[in-house]
Amino acid sequence: MATKVKENEEAENERDGATDGPLLDLSDDAVKKMIKAAKKRGYVTMDELNSVLPSEEVTSEQIEDTMAMLSDMGINVIEDEDAEEAAPAEDDGDSDNEESEGGELAPSGGTALATAKKKEPTDRTDDPVRMYLREMGSVELLSREGEIAIAKRIEAGRETMISGLCESPLTFQALIIWRDELNEGTTLLREIIDLETTYSGPEAKAAPQFQSPEKIEADRKAAEEKEKTRRLRAPTGDEDVTDVGGDGLPPEEEEEDDDESNLSLAAMEAELRPQVMETLDTIADTYKKLRKLQDQQVEARLACTGTLSSGQERRYKELKDQLITAVKSLSLNQNRIDSLVEQLYDISKRLMQNEGRLLRLAESYGVKRDSFLEQYHGAELDPNWMKSITNLAARGWKEFAREESNTIREIRQEIQNLSTETGISIAEFRRIVSMVQKGEREARIAKKEMVEANLRLVISIAKKYTNRGLQFLDLIQEGNIGLMKAVDKFEYRRGYKFSTYATWWIRQAITRSIADQARTIRIPVHMIETINKIVRTSRQMLHEIGREPTPEELAEKLAMPLEKVRKVLKIAKEPISLETPVGDEEDSHLGDFIEDKNALLPIDAAIQANLRETTTRVLASLTPREERVLRMRFGIGMNTDHTLEEVGQQFSVTRERIRQIEAKALRKLKHPSRSRKLRSFLDS
C-alpha cells in the first residue's frame, strides 16, 4: 500500500486530468469478504487492502477517499497485525449506532485518515479545498471516551462561567428586571430560562448514575430499531430537504412532533411559571438584604473604617450562597447568559481603560510599572491614596501627584462609580471577571476540539448535496455551522455517540441553506418540500412506466389537486440568465435570440423611415403656411394633433379660414405629381 501510494503520487504530478472514481468495488465478493472480516477485527492490514485494489494506476485522491471510507466504517488501516496489538479495538456496540440515514456511516474512533494524510505529498497547493482537507486530516478522530471527556470539559467550563455570574450583583439586578417584565407580560418565560432543563430538574444534570448502563443500552437499542424501521419505510432516491427534519424524522412524523413540542413548551411554561416566579421573588428579597451589606462594605472601605463585623461577614456569606443556589436552579437561557457576560465585560473594559489611562500618566513622570501596580492594587477605593503616594520617595511619584492631582481624582472617581455600579469592590469584580473568562475560555477550547475532530463528518455529508445550487465550500461552511450547534446541544449522558447526534444538525443546516440560498428567486421551504416530493415521485414513476409522467398521473399518484401539481412544476423551473453564452466562441448570448414583441421589424422600420422622408419632401412643396397647418392638424412631427380652433389661434385667424387653407393644401397633395410619391406606401 505504501509503495502504491508513492507511485501514484508521482504519477499524479504528470497527469492532472485523471478521473477520481471509487477504488473499492463494494459489489465484488472479495471486497465484501475483506470488509466483513475487517469490521469484525476493527482493522485491516495494507497487504490485505492491496490484494483487493485494482491493478491500474490511481490518484492520491482516490486512495484518500478509500482510507476515509474505511475509517468511516470503523476500520483502521495498519502496516501489519503486530501494530494493532498496541491499539485497543473499537467497541462493537457502537458500530450500528454510527450508521445514519441513507446508509451513511458516521466517523468513529481511529486514525486512518490521519495516517493517509501523512502519506500525502508535502508540496504546496493553492486549492482551498485541498488545503482545508489537509489541515483537517491532521486532527485525529475521537473515541466515545474522548467525546465524553471533551463534553465534560465543556460542561465544567460553562459551570465555572455561570458560578462567576452568580456572584455578580449585576446578575441579581437583571433577574429582578426580568421578573418585573414577566409580571407585566412583556417577556415570555421561555426567553429567560431554558424550559426543558429547568423542567427536568437536577436529575437531568446529575451524574451518570441517575441513568443506569442498562437504561442507556435499552434507549440506544430502541433508537436503532426506530431508525431501521424508518429507513425501511423511506422511499429510495436521493436525499432531499423533506428527508431531513430537526430530529431526523420523516416529514409527517416531524410535523406531529413539532405540534407536540409546541404544546409541551406551553404546558411546561404554565407549570413552571409559579415556581420560577417564587424563585425570582426570593432572589429579589434576598438581594435587597445583601445589597444593604454591600453598600455598608463599600462605604466602610471608602471611609477607611475597616470592613464589616464578623457577624455581618457571616450573614453576607449566607445570603450570597442562598442567591447563588437560587440562580443556578433557574437554568437561564443561553441568550440571557450571553447578555450578562457582555454587560460584565463592558464594565471590565471601562475599568481597564481608566486604569490604563492612570498607569500611562504615571509612567510619563518616570514611575515604574511595577511600583505603580504595587501601590495601586488593593487601594482602588482608598480616599487617602493621593496622600500616600505624595510621601513616596521613589522616582516620579511626587511630581506625578503634584502635577496631575485633578486628573487623578477624576479617574479615581470614575473607578469609584464603577464600583458603586457593580455593588462590589474592584478586587472582587476583577476576580469575578477572571472566573467568567476562565470558564468561557475552557468551554470554547473544548468546543473547538470537538468541532475539529468531527469536520470529516461534515465533508462526508456535504458530498451528497453537490450540484444543487451551492458551491462545495459553501456546503461545508453551512455544515460546519450545524456542527457547532450540535456541539452546543450535545448531551453525552444519553449514551449516544456525537456523530449520531450531529448528523441531523449538519444535514438540516445544509438542506436549509440550499433551500434559502441556492435559487435566484427564493422559494419557501414548505414549497421546496413539495417540489422535492413531486420530483422524487416523478423519478420513481419514470422507472415504473418508462417515460416522464404527466401532471394528471402525478396528481393521482400523490393524491394532490391537479392545479397544485401544475403550479409546483411551474415554480420548480430554474431561471436561466439571458447573458448565458451561446456557441463555441461565446460571442453571442441567449438574450440575442429572444424575440422582442415591442421592437419593429427591420423592413417596417425601413418603410417608416422612407415614408417620413417622402412626406417631408411632399409637404415642403407646399407654401410654409399650408405645410404648418397640415402638420398641426395631423400631428406630423409633433406630439399631438390640433383642432381648427387651436391652429387658428396660432395664426391669429378664424377656424373657418384654417379649414379653407387645409382643404386647399389637401387638394394640392392629391395632384398626381405629389400623390404618386405617396400612393406606393398606401398600396403596401
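Sequential numbering from 1, following the chain as shown.
Placed from the backbone N, Cα and C atoms, the Cβ positions cover glycine too.
Per-residue pLDDT, averaged across the DNA-binding region (644-663), gives 90. Annotation source Swiss-Prot lists DNA-binding region at 644-663, citing sequence analysis.
The feature compositional bias 'Basic and acidic residues' is assigned by Swiss-Prot to 1-18 (among others).
Feature annotation from Swiss-Prot assigns compositional bias 'Acidic residues' to 83-102 (among others).
Marked as compositional bias 'Basic and acidic residues' by Swiss-Prot: 117-129 (among others).
Under the heading compositional bias 'Basic and acidic residues', Swiss-Prot lists 214-228 (among others).
Positions annotated as compositional bias 'Acidic residues' by Swiss-Prot: 250-261 (among others).
What Swiss-Prot records for 1-25 (among others) is region 'Disordered'.
Under the heading region 'Disordered', Swiss-Prot lists 83-129 (among others).
Residues annotated as region 'Disordered' in Swiss-Prot: 203-262 (among others).
Residues or ranges marked as region 'Sigma-70 factor domain-2' by Swiss-Prot on the basis of sequence analysis: 450-520.
Under the heading region 'Sigma-70 factor domain-3', Swiss-Prot lists 529-605.
According to DSSP, the region 'Sigma-70 factor domain-4' (618-671) comprises 37 helix, 0 strand, 17 coil. Residues or ranges marked as region 'Sigma-70 factor domain-4' in Swiss-Prot (evidence: sequence analysis): 618-671.
The motif 'Interaction with polymerase core subunit RpoC' annotation in Swiss-Prot covers 474-477. Listed as Cβ neighbours of the motif 'Interaction with polymerase core subunit RpoC' (474-477) (distance under 8 Å, sequence separation of 6 or more from its ends, same chain) are residues 132, 458-459, 462, 465-466, 510, 513-514, 517.
Mapped onto DSSP helix, strand and coil, the region 'Sigma-70 factor domain-2' (450-520) counts 56 helix, 0 strand, 15 coil.
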